[in-house]
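Since the structure comes first, as structure tokens, the remarks are kept for the end.
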Amino acid sequence: MAEPSAPESKHKSSLNSSPWSGLMALGNSRHGHHGPGTQSASSAAAPKPGPPAGLSGGLSQPAGWQSLLSFTILFLAWLAGFSSRLFAVIRFESIIHEFDPWFNYRSTHHLASHGFYEFLNWFDERAWYPLGRIVGGTVYPGLMITAGLIHWILNTLNITVHIRDVCVFLAPTFSGLTSISTFLLTRELWNQGAGLLAACFIAIVPGYISRSVAGSFDNEGIAIFALQFTYYLWVKSVKTGSVFWTMCCCLSYFYMVSAWGGYVFIINLIPLHVFVLLLMQRYSKRVYIAYSTFYIVGLILSMQIPFVGFQPIRTSEHMAAAGVFALLQAYAFLQYLRDRLTKQEFQTLFFLGVSLAAGAVFLSVIYLTYTGYIAPWSGRFYSLWDTGYAKIHIPIIASVSEHQPTTWVSFFFDLHILVCTFPAGLWFCIKNINDERVFVALYAISAVYFAGVMVRLMLTLTPVVCMLSAIAFSNVFEHYLGDDMKRENPPVEDSSDEDDKRNPGNLYDKAGKVRKHVTEQEKPEEGLGPNIKSIVTMLMLMLLMMFAVHCTWVTSNAYSSPSVVLASYNHDGTRNILDDFREAYFWLRQNTDEHARVMSWWDYGYQIAGMANRTTLVDNNTWNNSHIALVGKAMSSNETAAYKIMRSLDVDYVLVIFGGVIGYSGDDINKFLWMVRIAEGEHPKDIREGDYFTQQGEFRVDKAGSPTLLNCLMYKMSYYRFGEMQLDFRTPPGFDRTRNAEIGNKDIKFKHLEEAFTSEHWLVRIYKVKAPDNRETLGHKPRVTNIVPKQKYLSKKTTKRKRGYVKNKLVFKKGKKTSKKTV
């Protein structure tokens, strides 16, 4: 099959000749349409003096000004993105946010303090007691290595910076690199102007800022840069067929694998791109060289990450890439045979080869899956195809808020006007299709599906939405701002008609030709009126202004609040800081034994280990479902049953989060049903979810609530002494502001626990587990008497009406005294 040339459509040519491509789209210096080398035939004959040397000479050329302006716009986009992510640092302080970043910070601190080798072999004894955790083989180390390397470089240059500050500002710094990689990718797909718009969009869009604010030291902060840069290098590889660009793509993919588990998206999207190109009969040597090199080298590099290991050749998530690689080799071999066999021989060999290959692949996959060599889809990936699978079979996956389906409001909240313009950009790419635009179309369609299934994957949709929206805005500006420039600067070409061009020998009578009258159909298209252009341009600029305002507002109010520090605002605008979390963790650090074991729900494990430096039973790694279910069973059981579990796990303290006083909705009572469901999955005989609902199927904490709920350990620890508290005169004592109900069990007493600490706003409550008594008290039966059987003994001290009797009491008789007279 002939190799298709890169399609340059008529539409693309018009884009490259517009002034929007030069300034507001700045895109055509790389195509050479307006470069200094384009000269007419007459001007080329006469030599012209060369341009002046130096900086002024470079800037006198159009390409020089375009490069300077492009650099300035990218720098301003980086600066705007970095600045908009600093709200949390300005309002609060330089602090690590959320839950997972605390483990990442703790690991990075260990790496910076003890070195890379010690980090790889680190056994964390403060996690998952009594099991522990081997950290080096269970994490993606790219984030820690990046922060540690930056910290080492700064200290080598005698710039003293604490590792915490490096971790806090790492994600805002990488947001600028993400803008640059998005610019490069969009420029390859369309033109430079669309790339600049895409860089500005992704710098401030809330969908990306949500995971890259200052303090959000998580894998996604650097992974989106690696994702976009890998895609850029892949598109470059497909366009050029160069092994150099493919090797660069493999190195970027290796960094992506080391940084985030979302690398699976890359290793499935790139094979899908190659497969669709084969279906569209767009096979070429460029595609063969790019994918063959990428798959082999990328496979070997990805297996160097300890946490990944042999997964690329033994898990179902990676089998599509292997299948496309085999298909591509077979396709290339058939192309080779097609040039060397007759048509009849090729058809016979083709059908025979396809049948044998399909049967061999089918049987091999069945055999390897049946024998267990190829692992099935993991629960988290399987839930992407069956959205109800996790809630039924693996409730711990469904309990994470990031794994819930995305609402329609979230799309507008995180993307704003880009949601509306993104389909237009996709249509432009499909209308003027080529190899790289097939890739971005597949990227967009797959990202939309995954973002609709899981809230967390909105992060992978945001970059492609910014790219395609930039293409849409770029086309609008080209059409409405470039119309006058096209008419003022018509292309330099001969005015003769096509017949004159075909027959240059007849040009001697050209001057005597009579021009035909131009009909209505032959008249050149008139430009748009100034009113229409002004209205459309102002409308587009207003939309962009509204987008910028929305992004700033969302970043400031929704995504710049650290979860470990809460804030509330009074009617006069003053702010109240609720620092209960750090207060409680600091109390644990200062007032408990260094080796004390703290039991809490898994959400707070990383924070307890990071801030309190105490041993936890479970944490956010969630690798051992049975261990988490055991903690959930203890929280869901009554005090006596829970005490046995806590004693078996050597628990010293129990920590719960309670938001009934301040109205905090993320407390443990609202998470309690997930504890019950996870515990029921492992202990169905002891824990049943239906026991915690009323007969009407309601989950209530008031008097109408289930007796099982009102007497479980979580309920008692949350509401202990709360029934005595009256928050205001309008509500009764024990009124829960979060659930808007008066609690049903106010007389709560503990036998095996005692309150150790309650934070200022009752947000964090810590209980100490009592040691077992040396001698257990025995329950005595009531004493009985011989007079009245089975009657309780009553002493004189308790009543004056009834006398007690002494058993076997001696009876004395009064004797007679003898008189003297008788004697």
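Placement of Cβ uses the backbone N, Cα and C atoms for every residue, glycine included.
Lifted from Swiss-Prot, the feature list:
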- D100, D218, E220: Mn(2+) binding site (BINDING)
- R456, Y606: dolichyl diphosphooligosaccharide binding site (BINDING)
- 517-526: compositional bias 'Basic and acidic residues' (COMPBIAS)
- N613: N-linked glycosylation site (CARBOHYD)
- N620: N-linked glycosylation site (CARBOHYD)
- N624: N-linked glycosylation site (CARBOHYD)
- N638: N-linked glycosylation site (CARBOHYD)
- S13: phosphoserine (MOD_RES)
- S18: phosphoserine (MOD_RES)
- S29: phosphoserine (MOD_RES)
- S495: phosphoserine (MOD_RES)
- S496: phosphoserine (MOD_RES)
- 601-605: motif 'WWDYG motif' (MOTIF)
- D100: site 'Interacts with target acceptor peptide in protein substrate' (SITE)
- R211: site 'Important for catalytic activity' (SITE)
- E402: site 'Interacts with target acceptor peptide in protein substrate' (SITE)
- K671: site 'Interacts with target acceptor peptide in protein substrate' (SITE)
- 2-41: topological domain 'Cytoplasmic' (TOPO_DOM)
- 280-284: topological domain 'Cytoplasmic' (TOPO_DOM)
- 339-347: topological domain 'Cytoplasmic' (TOPO_DOM)
- 431-436: topological domain 'Cytoplasmic' (TOPO_DOM)
- 480-523: topological domain 'Cytoplasmic' (TOPO_DOM)
Problem set entry | Per-region confidence, the topological domain 'Cytoplasmic' (339-347) (mean pLDDT, whole number) | 81
Exercise. So among the recorded positions D100, E402, who's got the most Cβ atoms within 10 Å?
Worked result: D100
Exercise. Whole-number Å distance between the CA of N638 (N-linked glycosylation site) and the CA of R456 (dolichyl diphosphooligosaccharide binding site)?
Worked result: 36
Exercise. Other residues with Cβ within 8 Å of the Cβ centroid of D100, D218, E220 at the Mn(2+) site?
Worked result: E98, P101, N104, R211, S216, F217, N219, G221
Seminar exercise, completed: For N613 (N-linked glycosylation site) and R456 (dolichyl diphosphooligosaccharide binding site), the CA-to-CA distance in whole Å is 29
Problem set entry | Three-state composition of the motif 'WWDYG motif' (601-605), taking helix and strand from DSSP | 4 helix, 0 strand, 1 coil
Seminar exercise, completed: Per DSSP, the topological domain 'Cytoplasmic' (280-284) contains 0 helix, 0 strand, 5 coil
Exercise. In sequence order, what residues of the same chain, 6+ apart, have a Cβ less than 8 Å from the Cβ of Y606 (dolichyl diphosphooligosaccharide binding site)?
Worked result: F99, D100, W102, F103, R106, D619, N620
Exercise. What does DSSP give as the helix, strand and coil breakdown of the topological domain 'Cytoplasmic' (339-347)?
Worked result: 5 helix, 0 strand, 4 coil
Exercise. Relative to the Cβ position of K671 (site 'Interacts with target acceptor peptide in protein substrate'), how many further Cβ atoms are located within 10 Å?
Worked result: 16
Problem set entry | Cβ contacts of R456 (dolichyl diphosphooligosaccharide binding site) (under 8 Å, same chain, 6 or more positions away) | E402, H403
Exercise. Which residues of the same chain, at least 6 positions away in sequence, have a Cβ lying under 8 Å from the Cβ of R211 (site 'Important for catalytic activity')?
Worked result: A171, D218, E220, G221, I224, L459
For this session: Whole-number Å only: compute the distance from the Cα of N624 (N-linked glycosylation site) to the Cα of K671 (site 'Interacts with target acceptor peptide in protein substrate').
Result: 19
For this session: Please spell out the DSSP helix, strand and coil residue counts for the topological domain 'Cytoplasmic' (431-436).
Result: 3 helix, 0 strand, 3 coil
